[in-house]
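Asker: Taken from Swiss-Prot, the feature Zn(2+) 1 binding site applies to CYS71, CYS73, CYS86, CYS89. The Mg(2+) binding site feature in Swiss-Prot is assigned to ASP461, ASP463, ASP465. Here Swiss-Prot flags CYS815, CYS889, CYS896, CYS899 as Zn(2+) 2 binding site.
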Amino acid sequence: MKDLVKFLKAQSKTSEDFDVIKIGLASPDMIRSWSYGEVKKPETINYRTFKPERDGLFCARIFGPVKDYECLCGKYKRLKHRGVICEKCGVEVTQAKVRRERMGHIELASPVAHIWFLKSLPSRIGLLLDMPLRDIERVLYFESYIVIEPGMTDLERGQLLTEEQFLDAEDRWQDEFDAKMGAEAIQALLRDMDLEVECETLREELQSTNSETKRKKITKRLKLLESFIQSGNKPEWMVMTVLPVLPPDLRPLVPLDGGRFATSDLNDLYRRVINRNNRLKRLLDLIAPDIIVRNEKRMLQESVDALLDNGRRGRAITGSNRRPLKSLADMIKGKQGRFRQNLLGKRVDYSGRSVITVGPYLHLHQCGLPKKMALELFRPFIYAKLESRGFATTIKAAKKMVEREDAIVWDILADVIREHPILLNRAPTLHRLGIQAFEPILIEGKAIQLHPLVCAAFNADFDGDQMAVHVPLTLEAQLEARALMMSTNNILSPANGEPIIVPSQDVVLGLYYMTRDKVNGKGEGMLLQDSREAEKAYRTGQAELHSRVKVRITEYVKNAIGEFEPQTHLVDTTIGRAILWMIAPKGMPFSLFNQTLGKKAISKLINESYRRLGLKESVLFADHIMYTGFAYAARSGSSVGIDDMVIPQKKYEIISAAEEEVAEIQEQFQSGLVTAGERYNKVIDIWAAANERVAKAMMENLSQEEVINREGQPEKQASFNSIFMMADSGARGSAAQIRQLAGMRGLMARPDGSIIETPITANFREGLNVLQYFISTHGARKGLADTALKTANSGYLTRRLVDVAQDLVIIEDDCGTHEGIVMTPLIEGGDVKEALRDRVLGRVAAEDILKPGTNEVLISRNTLLDEKLCDVIDENSVDSIKVRSVVTCDTDFGVCAKCYGRDLARGHLINQGEAVGVIAAQSIGEPGTQLTMRTFHIGGAASAAAKESSVQVKNTGTLRLTNVKFVTNKEGKLVLTSRNTELTIIDTFGRTKEHYKVPYGAVLNHADGEEVTAGETVANWDPHTMPVISEVSGFVKFVEIVDGLTVTRQTDELTGLSSIVVQDVGERATAGKDLRPALKLVDAQGNDIFIPGTDVMAQYFLPGKAIVSLDDGAEVFVGEPLARIPQESVGTKDITGGLPRVADLFEARKPKEPAILAEISGIVSFGKETKGKRRLLITPMEGETYEEMIPKWRQLNVFEGELVQRGDLISDGAETPHDILRLRGVHAVTDYIVNEVQEVYRLQGVKINDKHIEVIVRQMLRKAIITNAYDSEFLEGEQVEVARVKIVNRKRAEEGKPLVEFERELLGITKASLATESFISAASFQETTRVLTEAAVAGKRDELRGLKENVIVGRLIPAGTGFAYHQNRQKNRLVGGMENTTEVKLSAVDEEEIASEFTFSAEDATANLAEMLNMADDAE
């Protein structure tokens, strides 16, 4: 019995006792040590007896018995012979499952290069030997010789020789030198390498070389060599002499009926290798001619290549049915590979699926589960109950009872199911709310019933959706399901912290209908004592639901000690609102109910309820809201009839007026007054305006009706038209859809996004004619095609986001940093896009928040800003707050709770162990399908409007200018001479109200700090040209302006005025190439004038295309334009919107024409030009001049002699995030990405908290490039995790050494995922082969930090409830490392006790083992 316990312990050797997974190269000895014997024959099994052939690929002697505890010839059977090796057939008597783990090997007759290290770019073998891949392949595939030992000859080591050269050399030097071909040669070269010496020489070379490319190459080699030295891998192991053979049960051979076999492709590949290997051995024994042996060796190399990675080199080897065979590499990579198919996505037992239907009578925490399904899912529980209650004697009997469906079974089922939560999941599970727990209620029928309020979270509807049910089996699982996943615990959305349990559709319509008011309804003006009486009046028909009445309302308000005190008022309200008040929980104000409730208002109700009263009350309230909404929606009798779509009378006038305008434009076009493009834009403008007017007329018509009030006077009230009510309440439909039903359909788009100029003037009520129908099919199909593509793209974006962020978990409470990012309200132009309180809500303050203008601390640092504190911020009109952020968090391999702030789905500071990375990825990815795929082509109409030419303020306040340089012109107005000037309006409290960018050359009517009033124009400029502004007064002097050489004269036909146009350098004659036309300002005597305060001459160089209207010697005053540079219109560019834009931002892609930013601060000048580029020089105050070549066609925003700051725009365009990071730092790039991503989502009306985007940005910024390594373990130019550098720097700071210098690097999410520390995570994401090759050569260790790695090795994830488990393991590991050196010895008594506790059941091991053990026990 003792042995048995030991045996079982050995059998169930847990996979828990490892903390790191290391990957490396296998040495030949290691492969032999894994092996249980050599596979010598290609045979698999005997086709008659089906027994494995000896020494073949399925040999029982090597791999273990085919049947449990039975040798092949049948001499030894049963458990008592365990461990015996049969002398007849040589098979060990043991369990058959060892055939899954025992490996074999093949001794190769000639070495073979491993294809991964050869062909996976960059080729590791090539890099080590410093040879091009082509040369290595020529040696390997026997095309040329390579010199291994030159001896006393004038050959070089590693030199290639052709057949002829080799024969010549042999004649000259006989056997002085050694040259070989094939893998032996490569192996010999690798074996003879002295890595340490090689490293030294490379280091010296690195010091002495100056060329950038050489340095890069040397660094690459150096890294590889160092990783070989550190990992203990030997280079020659990249060439194999022994090939491991996979255990046979992992490449099974299955007999099909009809005498054929289904086999794994690997068997074919192995057979091919063995055949060729045996043939080669025979040829070598025979001492066959060289050419034959060589050919055989080459074929062996090819067959091993195919086994390891088929199709990597040459054509893929195909099987009998002409498809390529699946090699070992194919087994693990791709969606169908081991990682993604079996390790990350397993199928789950105890699950079922069915169609869902609506369950309007359920509570929020319940779902209806069909009896049939429940019986099947809870089977084992029922068996146990039947047996424990004595209804069945054995499991078998219980099984029979369940199959017969005896009456008692149903009672037991009800008992088992009570309070046993189940999980419901709807695919696609886009965020964590896609799986929630419910308590099952048994129902008849075959469809699962779902509570209507959770539909929004599941994104479910009842048009045939299916859902899957899973049963949490263990107590822990049930506990987690109840405490964390119950639908009642998921009221708020993790993406934005707003309620996700919001009523929609019928419920909204019912509540809206119930809370509407009506003029002169029946019973208007009644005085009622409370809600009960109001309901009575309604039920008895004394009053209508919408009548305006006075009711006594009792509200409950919390007093100082937090108890509810009743307060009663008489309130003007309606019967319906009074009835609705009956379901309001204590502590809610009546004002929230005393209004017409639309969808937004109802959402606010639930939000308020959650914030004021907590979870339980809110859940009950939400349920009541739903029941009430359904009831009154039924009573309202709203329906859609064709007469509800009222077509406005004005429609036909508006359309005919538009047609006349269009005809007029057409005439202008034909007489040549407008161009074709202008005509098109104007026509589209006209029709768009007409459509708006029709829509407006229609909505006015629909939304109001005139009724007679009690005084007999006509009064307007909101209409009770069903269609209008549905749209107005937010239940279904929108103004845009009603416009198509009762207005006009309007302009249609082609699939490429351009607009068809013939509008559809009809609406759906009138019906479309054939042409109109045809036009509209165009766009409609595009819509469907888009949706299909969008789903896939959005899913892929989510996958990349999850992958980059999966290992980000909250691992400590406070990292103690003082860093943070400064939040200000988001203002664009004159409107506040997002108020400050919305941006800082749920964040932690990084510094004390002071009352503006004083030193009084309002809120101290490290305080979580909740709703109450945000009110304080609002009241004191604070306009910028520094808050902690994930991006600036100092925690090494995770984030701290303080930097993250509030857990949006729970409303308090986030807990440790929360997987914030995955939550962020899901929150960003989940709305992805709602984003458009289109790139918008903006019509001329839109782009003309986009060109602003003035700033008109909307609020009264103080004008503030930042980054400003100006001169004052003779009218006393300011003329800007600075580039990126920003103009802000600040109110009396010092809050920013408006924010504008003002271009160079704008004329300002007010100076900095002056008061302006609302509606006033404070700045204007010409949007089509950029002026060159004179900074001094004087006389113009032309410099190098030669007519016909550098400039041409042009005369305006209409005005007759002539002007000079500067030619582009490329268009000038050769003589004019080096001339640089300029305008110089001189005084009356002709002396140079200097710009005030500098020693710079007032001389303005003119770029190509500049227009000068002044003549030589003309007088100019300060602030007047000397020349104009026409600006090309920017309106024609595509604006990438929607999903592609988000993907571009997260992938940190460079835009097509990036903005050019100043790399350093200094004075701009231009150097010698080349053919297509000009040379920009920036000279700083001290230090060396920076120069950059810029293409001629780029428009520059700077003039010669201008002072720029680092990071200023030199040429317009889209900014590259990499530039922003390099020149303006981490904060700027975070701001940029967050705002740009939010811009896309805001357009679609999707709310996502900034935090989530910051989390992704943190992951994109987790690598750094070492710029100065000193004597640390890093190399210069190496890419390292920032956390690693920080750890090293802390250590160096303690030792008093200089800190390693580094630059943060921004990686796109795909790159960042592949560059993660964990090779398991990277390999399961993309490019599996490359990742594993790199990891193996470097001998990487995977610390199993992230979630993905732990899922793959089959452990609890280090997040959520698994977080504590992992922390304990770490503690125990530290303690255990000291103590656990001696082995624990049990006393005999303990052994006995343990043994007596063992009774074997089918779960312990495989069923047959249990039976056998019990039999063996009986026998003893």
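All residue numbers here begin at 1 and follow the chain in the order shown.
Cβ coordinates are placed from backbone N, Cα and C, and glycine is handled just like the others.
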Asker: Consider the binding-site residues ASP461, ASP465, CYS889, CYS899 and say which one has the Cα lying nearest the Cα of CYS73 (Zn(2+) 1 binding site).
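Answerer: Nearest candidate: ASP465.
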Asker: In terms of DSSP three-state secondary structure, what is the assignment for CYS71 (Zn(2+) 1 binding site)?
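Answerer: The three-state answer is coil.
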Asker: List nothing but the one residue from CYS73, CYS899 whose Cβ has the fewest other Cβ atoms within 10 Å; the candidates are the binding-site residues.
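Answerer: Comparing Cβ neighbour counts within 10 Å for the binding-site residues CYS73, CYS899 gives CYS73.
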Asker: Relative to the Cβ position of ASP463 (Mg(2+) binding site), how many further Cβ atoms are located within 10 Å?
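Answerer: Result for ASP463 (Mg(2+) binding site): 5 neighbouring Cβ atoms inside 10 Å.
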Asker: Whose Cβ, among the binding-site residues ASP461, ASP465, has more other Cβ atoms within 10 Å than any of the rest?
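Answerer: Checking each of ASP461, ASP465, the winner is ASP465.
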Asker: Just give me the nearest neighbour of ASP463 (Mg(2+) binding site) among the binding-site residues CYS71, CYS86, CYS89, CYS815, CYS889, Cα to Cα.
Answerer: CYS889
Asker: Compared by Cα position, which of the binding-site residues CYS71, CYS86, CYS89, ASP465 is the closest one to CYS899 (Zn(2+) 2 binding site)?
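Answerer: Closest recorded candidate to CYS899 (Zn(2+) 2 binding site) by Cα: ASP465.
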Asker: Using all protein chains shown, find which of the binding-site residues CYS89, CYS815, CYS889, CYS896 scores highest when you count other CB atoms within 10 A of its CB.
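Answerer: In terms of Cβ crowding, the pick is CYS889.
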Asker: Under 8 Å Cβ to Cβ from CYS86 (Zn(2+) 1 binding site), same chain, six or more residues apart: give me those in sequence order, or none if nothing qualifies.
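Answerer: Same-chain residues close to CYS86 (Zn(2+) 1 binding site) (Cβ under 8 Å, separated by 6 or more) are CYS71, LEU72, CYS73, LYS75, TYR76, GLU92, VAL93.
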Asker: Inside 10 Å of the Cβ of CYS71 (Zn(2+) 1 binding site), count up the other Cβ atoms and send me the figure.
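Answerer: For CYS71 (Zn(2+) 1 binding site), the count of other Cβ atoms within 10 Å is 25.
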Asker: Taking Cα atoms as reference points, rank the binding-site residues CYS89, CYS815, CYS889, CYS896 by distance from ASP465 (Mg(2+) binding site) and give the first.
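Answerer: Spatially nearest to ASP465 (Mg(2+) binding site) by Cα position is CYS896.
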Asker: In the three-state scheme derived from DSSP, which category covers CYS86 (Zn(2+) 1 binding site)?
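Answerer: For CYS86 (Zn(2+) 1 binding site) - judged by DSSP and reduced to three states - the answer is coil.
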Asker: In whole Å, note down how far the CA of ASP461 (Mg(2+) binding site) lies from the CA of CYS889 (Zn(2+) 2 binding site).
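Answerer: Taking the Cα atoms only, CYS889 (Zn(2+) 2 binding site) lies 41 Å from ASP461 (Mg(2+) binding site).
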Asker: Nearest of the binding-site residues to ASP461 (Mg(2+) binding site) by CA-CA distance, picking from CYS89, CYS815, CYS896?
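Answerer: That would be CYS896, nearest by Cα distance.
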Asker: What is the set of residues, excluding CYS815, CYS889, CYS896, CYS899, whose C-beta falls within 8 angstroms of the centroid of the C-beta atoms at the Zn(2+) 2 site?
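Answerer: Along the chain, the qualifying residues are GLU812, ASP814, THR817, ARG884, VAL886, THR888, ASP890, THR891, VAL895, ALA897, LYS898, TYR900.
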Asker: Measuring Cα to Cα, how many angstrom lie between CYS815 (Zn(2+) 2 binding site) and CYS89 (Zn(2+) 1 binding site)?
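Answerer: Between the alpha carbons of CYS815 (Zn(2+) 2 binding site) and CYS89 (Zn(2+) 1 binding site) there are 66 Å.
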Asker: Once CYS71, CYS73, CYS86, CYS89 are set aside, which residues in the chain still have Cβ within 8 Å of the Cβ centroid of the Zn(2+) 1 site?
Answerer: LEU72, GLY74, LYS75, TYR76, GLU87, LYS88, GLY90, VAL91
Asker: Through the lens of DSSP with three states only, how would you label CYS896 (Zn(2+) 2 binding site)?
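Answerer: It is in a strand.
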